[in-house]
Amino acid sequence: MAWENQTFNSDFILLGIFNHSPPHTFLFFLVLGIFLVAFMGNSVMVLLIYLDTQLHTPMYFLLSQLSLMDLMLICTTVPKMAFNYLSGSKSISMAGCVTQIFFYISLSGSECFLLAVMAYDRYIAICHPLRYTNLMNPKICGLMATFSWILGSTDGIIDAVATFSFSFCGSREIAHFFCEFPSLLILSCNDTSIFEEVIFICCIVMLVFPVAIIIASYARVILAVIHMGSGEGRCKAFTTCSSHLMVVGMYYGAALFMYIRPTSDHSPTQDKMVSVFYTILTPMLNPLIYSLRNKEVTRAFMKILGKGKSESELPHKLYVLLFAKFFFLISIFFYDVKILALIMYIA
């Protein structure tokens, strides 16, 4: 019972990845800059697709969902890391830790399934173009995206509930910059071997099964492209699919390396570096990859800048919504700082 009380009443200590030496301070602000670029890039991508009616297609709807997931993913981990670094505090409550685990696992899992849906969408568009409007109509596309969110959230709920069931009787220092599930397994007093097997199976479902769909889809796409008689058609198909393949390679490469290995093989330093790439760099690169290689997205962005034919109200809507998102981010970022200042004032 004492252990259970400790589980709910004590905070965890996030050791983080930066100290206050000049090199680490520079790296911290570099990561913070990457976070802001990722936040703005994914916000712009979501808003462009929402506001520009020419982008209201299944492919761009799925892309907007990917950007939304990336946006939520970086907001799950980086603001708390930044607050702890700037305030000098390293603690996080049990509820906060479970919340991070739930959103991190849910969003990561949802992205896995969504990337598989996006690969299937490209397969239908290239291999069955005449049936595309029937096989990928808005209703079917919406259902696939919804199931991606649901399946990812299911895994997040499993991990969050499991965290509450663990007892933590020893050290509460998490060798990471956020609450990640493998790091908590190491701290638990319970025998976690059975649960590690369950997590491994969940990872197989979340990672390997979507990868199989992606490989099967693009194998058919490659065969279809090879048999295309038009060089222009091949170039267009390659351009359409290459952006998605680059994102898949970055995302699944880091995820497979991170979660398929046994817990005993995890190195704290190695895990931190992979997590930085997985949670911050990839969300920053995704909108850049899709926008730089996509004429429709580039056209929509140029329309916003007023360098093309545009609807007069479009820029105004974008700026208002983007400002609202940025204000929301700042509110989240400084929420804990205000509480800290109030406590210090009272003391």
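Cβ atoms are placed via backbone N, Cα and C, with glycine included.
Going by the topological domain names that Swiss-Prot assigns, Asp11 and Leu51 belong to different sides of the membrane.
Annotated range for transmembrane segment in Swiss-Prot, selecting from 273-292, 313-332: 273-292. Of the candidates Asn19, Asn190, Swiss-Prot records N-linked glycosylation site for Asn190; the remaining residues carry no such annotation there, which does not rule it out for them. With respect to Cβ pairs under 8 Å, the transmembrane segment (101-120) is most closely packed against 196-219, considering the stretches 26-49, 196-219, 273-292. Recorded residues Asn190 (N-linked glycosylation site) and Cys97 (disulfide bond) have their alpha carbons 18 Å apart, per Cα-Cα distance.
Annotation note: Cys97 (disulfide bond) sits in a helical segment as assigned by DSSP. Within 10 Å of the C-beta of Asn190 (N-linked glycosylation site) we count 15 further C-beta atoms, all protein chains included. Using a Cβ-Cβ cut-off under 8 Å and counting only residues 6 or more beyond its ends in the same chain, the transmembrane segment (58-79) has close neighbours at 31-32, 35, 38-39, 42-43, 45-46, 49-50, 100, 103-104, 107-108, 110-111, 114-115, 117-118, 121-122, 125, 136-138, 141-142, 144-145, 148, 177-178, 247, 279-280, 282-283, 286-287, 290, 296-297, 329, 332-333.
Looking only at other Cβ atoms within 10 Å, the busiest spot among the disulfide-bonded residues Cys97, Cys189 turns out to be Cys97. Mean pLDDT for the topological domain 'Cytoplasmic' (220-236) in the predicted structure: 76.
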